[in-house]
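Participant: Per TrEMBL, the features are:
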type	residues	note
DOMAIN	62-256	domain 'Glutamine amidotransferase'
ACT_SITE	137	active site, for GATase activity
BINDING	137	L-glutamine binding site
ACT_SITE	242	active site, for GATase activity
ACT_SITE	244	active site, for GATase activity
ACT_SITE	285	active site
BINDING	372, 508	substrate binding site
ACT_SITE	443	active site
């Protein structure tokens, strides 16, 4: 399908159209994207002329169309010493000395917003005039003819090719989430400092190299097949990966774009990146203590209070400081779980929002946040959708949203009715931001039974008999922080939430939590074999050997730990050194 967006406007679009859309109008545009496939038509081409003014060399123009987390891009630009000027009208694009477009969310949604705000034609003109441009993730995909995502949907049509979905039938998990290697195809300029290092990807759709677009391709990445990881022609660059989430390697990419004559502050560390790395994730359980301070805590089987007379909440440090330390130590992601509150008013949780905002200023790896993300009505009777709640977390610095109890309720309803209503938090958020932005956190506990026919749920044969000699067990899902069991198994829940739009599963285990005896290998193997989306192993790590065990014995894509990192019992670098020694690829 031919990309025609760059020629699909009438001259009326040349009017100075304000880009200061309200959050609600942006959400409305995005919610309607699936009904708005662009039509193939070619009216008189609009020409928007730039004014003679030019921005300062220390200013970067940012096209933020209102979806997802662009705070980290902003923070990375400021971290490198540049000021930001936001696009408000199409002329701002044409006047930009350097334009960065951090596309986030779904393809059709982005095109819908760009079309309705009059920005698509200006983007095409800026790029066709070889003005400095950097597209990120969706900002690369939109340059192609079209996308199959909720489509076909026309793109800007600047690069030949169709953006298609990864094929999960060959055993590769979709979305493609994590740190992968690049194969440099030609002089890319902005990739000069990368060396053999990993960069961070999170996407379900990709563009493929071909004879028609080979002049654009500057690097590829292999994930089942070779796909386009970056493009370059003249001053125009775009990358499928996220430089703002790729640590110091990613910052070097941004630095090279912003100042092509710059050199890295130090010689880039040489790595041995060859394929998708296994991720090591640091998790911070955050809650207010009895004094009202926000602290990082850690439970034993979900009990976070000290076994003392005072029975105080276990305090293991301050969230922002610990997150920054884990970033420096080499954590591939940082996950925040808000385990207390503001459950009745999530948008009033200003301390947690501030934690995200401050963390993203200096932590340039992915941030996930969970806890209390659902539909709710405040004390004044005003209704807030889970999409509005998630949007605020994204805008505060989160890259992914973790949903727990609400996903269980949605799965139960779907099993009962066999109807996808589109109203659950899981469906709402994945529809607008893409399933790669949604993690479902599963909190099961093992229930022993005599035989597989004793329950309607998937069972496993246990290596050690239960307390009454039982040879089988199933994993009962819980809600409300593990306090309430539900009539649904972890296997059944995982299958359903994948169908409803989850892009990743965080698999906890109440029985193993805080015990330091290793991950529940049986559980993780059961779930990681059952779904085609990435699974994060959680609960029970107490030694470096536990990480290699879970990666060798299961299909887990990542392993998460909390207490052993907080208490400095097992450093992150020790985990990675051990994994490398065992032949398991990790980011260094």
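Glycine residues also receive a Cβ, built from the backbone N, Cα and C atoms like all the rest.
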Participant: Quick one: Cα separation, residue 242 (active site, for GATase activity) versus residue 137 (active site, for GATase activity), in Å?
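Facilitator: Here the two Cα atoms are 6 Å apart.
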Participant: Highest Cβ count within 10 Å among the recorded positions 137, 242, 244, 285, 372: which residue is it?
Facilitator: 244
Participant: Give the distance between the Cα atoms of residue 244 (active site, for GATase activity) and residue 372 (substrate binding site), rounded to the nearest whole Å.
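Facilitator: One finds 27 Å between the Cα atoms of these residues.
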Participant: When a 10 Å sphere is centred on the Cβ of residue 443 (active site), how many other Cβ atoms does it contain?
Facilitator: 26
Participant: Distance between residue 443 (active site) and residue 508 (substrate binding site) at the Cα atoms, whole Å?
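Facilitator: Here the two Cα atoms lie 5 Å apart.
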Participant: Give me the count of other Cβ atoms within 10 A of the Cβ belonging to residue 508 (substrate binding site).
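Facilitator: A count of 28.
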Participant: Give me the mean pLDDT over the domain 'Glutamine amidotransferase' (62-256), rounded to a whole number.
Facilitator: 94
Participant: Using the alpha carbons only, what distance in Å do you get between residue 508 (substrate binding site) and residue 137 (active site, for GATase activity) once rounded?
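Facilitator: Counting only the Cα atoms, the answer is 30 Å.
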Participant: How big is the Cα-to-Cα gap, in Å, between residue 285 (active site) and residue 372 (substrate binding site)?
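Facilitator: That separation, Cα to Cα, works out to 13 Å.
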